[in-house]
Structures are given as structure tokens and as C-alpha cells.
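Enquirer: Sending over a structure as C-alpha cells; questions will come in a sec.
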Amino acid sequence: LAMLNQTEVSEFILLGLTDIQGLQHFFFISFLLLYLTSLLGNGAIVTMVISEPRLHTPMYFFLGNLSCLDIFYSTVTVPRMLTGFLFGHQPISFGGCLAQLHFFHFLGSTEAVLLATMAYDRYVAVCNPLRYALVMSPRTCLLLAVASWSTGFVRAMMHSVMTSQLRFCGHNHIHHFFCDIKPLLNLACSSTSLNMTLLSVVTTSIVLGPFTLIVLSYLYIISFIFQKVRSQEERWTPFCTCAAHLTTMALFYIPVLFNYTPPSSGSSPKRDVQVSLMYSAATPALNPLIYTLRNQEVRSALKKTLGRKL
């Protein structure tokens, strides 16, 4: 038995969301629809931002980045989850598992930083409109976007390298629909205290840092609108844009804060899985709807793009 326990795990089994047959078909259809909505909605935004000269502004440049991210982000987890619903428990190789973990955290962290960048962009646009073109120059926008993607990449690299150093023997069933850090750490045979510390410190800083920036930006914007803007009509436009952005941020940050910032020992795996569904499958599908339905420019650009295609 001692020999058996020492065998290195070469693959993991993803247990997915449920074993109940009836529910699996229902989930398959629901998540397939969400995934297609995410691909179509975000794909349409990326196409529009590139092809419509009127949308070549900082705000839409970042929105295009966000839509790109959301396409990749949902693709990291959802297709494999869908095959799990159809064919049962999914084996995944150790390398595949690490790759999934890496890309999930790379794209998730990038989104956290990018949302803060978008909040800063709105702050400059509303509170310093005369200096906007100067402050948010194409070069600055490019640098901010590159910084967002790089931060995400470095953070994910830290986690994947640390996780790859762990030893896994014996148990290889992951109670999740993708390879996330916490379920993997639970299966490790070697000490995970360093990994846990890294997860707490790095994740808390990459989530709480941008989150604080966003809250401050919007507090400034809202107080500015109420103090400086006199007419109801003029207040309404920036207010609508802010509402859309804040909704997106709440949908992303609240579940993430829930999942990664409390001490890991106290949280239940089942709740972690449910919360993960929110930001890996639901948020990417909702983002395009939130941004486009409230936005006149995007709606008219969309009509134009569709008109061209038809």
C-alpha cells in the first residue's frame, strides 16, 4: 500500500458540476447558450471596434481588449466543461491541468487590472475633459493595455511554477469543472503552505488594488457629476456609462473576492465551484450586453456593421 501511495499522479479527473443525468443535459444547453452568447457578443464588439473609425477612441480600445479577454477567458474552461456534461468525468493530463490553471489566472488577473484602467479612463473623460486627449494619448492607452496583460501573465506564471513544484500522489479527483489552484492544492502530498501564502498575498493585492482604484474613480466621477453638472440631461449620459461599467465590475469582482480572498480553509469546495461559474461563464456573456444595450454609439455602429455584412 505504501508503494501504491507513492505513485506520482500523471493525470487528474475533473468531476464537473453534477452527476445527476437529467441536470447534465439542462446544464449543457444552458452553458452552451451562455458560451455562444459570449463568443458572438464579444466577437461583434471586437469587429466593430476595429472596423468602425468612430470607435477608435481610448474607451473603445479598452472595451475591445476586454471583449478579446472574455472570449479567451470563457474558452479556457467552458468547452471542457461542456464535454464533461456529454461524456462524464473528464481526464486531464498534469501538463494540461497546469496550462488551464495558467491561462485561467492569466486572463482573470488581466481583466482585474484592465477594469481598473477602464475606470481611470472614465475618470479622466468625465472630470478632466479638456485634458482627456492629452492624458489618454494612443501611446498611454497602449502602455496601459500592455501593463494589464503583463501583470496578469506574471501573476499566473508565479502560480503555475509554484504548483508545478508540488508532488501529487494517490488522489487525483478534482471536485471542480476546471483545474483551479485551491482544488489542486487540496490534492498535493507535499507542503502547500508557501502556495497558500502566495495565493492569499498576490491574489488579494491584484484584486483589492484595482478594486480600490475603481471605487475611488467612481466616487470622484459621481461627486463631480453632482457638483459641476447642472442640467439633468447632461448628468444622464456619464451616469449611464458609469452604471454600465460599475455593473460589469460588480459581476466580476464580487465573486472573485468571495472565492480567493478569504482564508482558504473556511470555504466549501461546492460554493467555490458555484461562484467560479459566475465569472468564468456568466460574466463574459453579460459584458457585451451591458456595454452595448446602454450605448448609442455602439448600437449605431453595430447596425452599420451588420448592414455591411447583409
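Positions of Cβ are set from backbone N, Cα and C atoms, glycine also.
This is the feature table in TrEMBL:
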DOMAIN    41-291  domain 'G-protein coupled receptors family 1 profile'
TRANSMEM  26-50  transmembrane segment
TRANSMEM  62-82  transmembrane segment
TRANSMEM  102-120  transmembrane segment
TRANSMEM  141-158  transmembrane segment
TRANSMEM  201-226  transmembrane segment
TRANSMEM  238-256  transmembrane segment
TRANSMEM  276-293  transmembrane segment
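Mind running through what each feature is packed against?
Expert: Tertiary proximity for the transmembrane segment (102-120) is limited to same-chain residues at least six positions away from its ends with a CB under 8 Å from its CB atoms, namely 59, 62-63, 65-66, 69-70, 72-73, 76-77, 144-145, 147-149, 151-153, 155-157, 159-160, 178-181, 206-207, 209-211, 213-214, 217-218, 245, 248-249, 252-253, 256, 279-280.
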Enquirer: Below 8 angstroms Cβ to Cβ, which residues of this chain, lying six or more residues outside the transmembrane segment (201-226), approach it?
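Expert: Distant contacts of the transmembrane segment (201-226): 109, 112-113, 115-116, 119-120, 122-123, 126-127, 151, 155, 158-159, 235, 238-239, 242, 245-246, 249, 253, 256-257, 260-261.
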Enquirer: Report the mean pLDDT of the predicted model across the domain 'G-protein coupled receptors family 1 profile' (41-291), rounded to a whole number.
Expert: 86
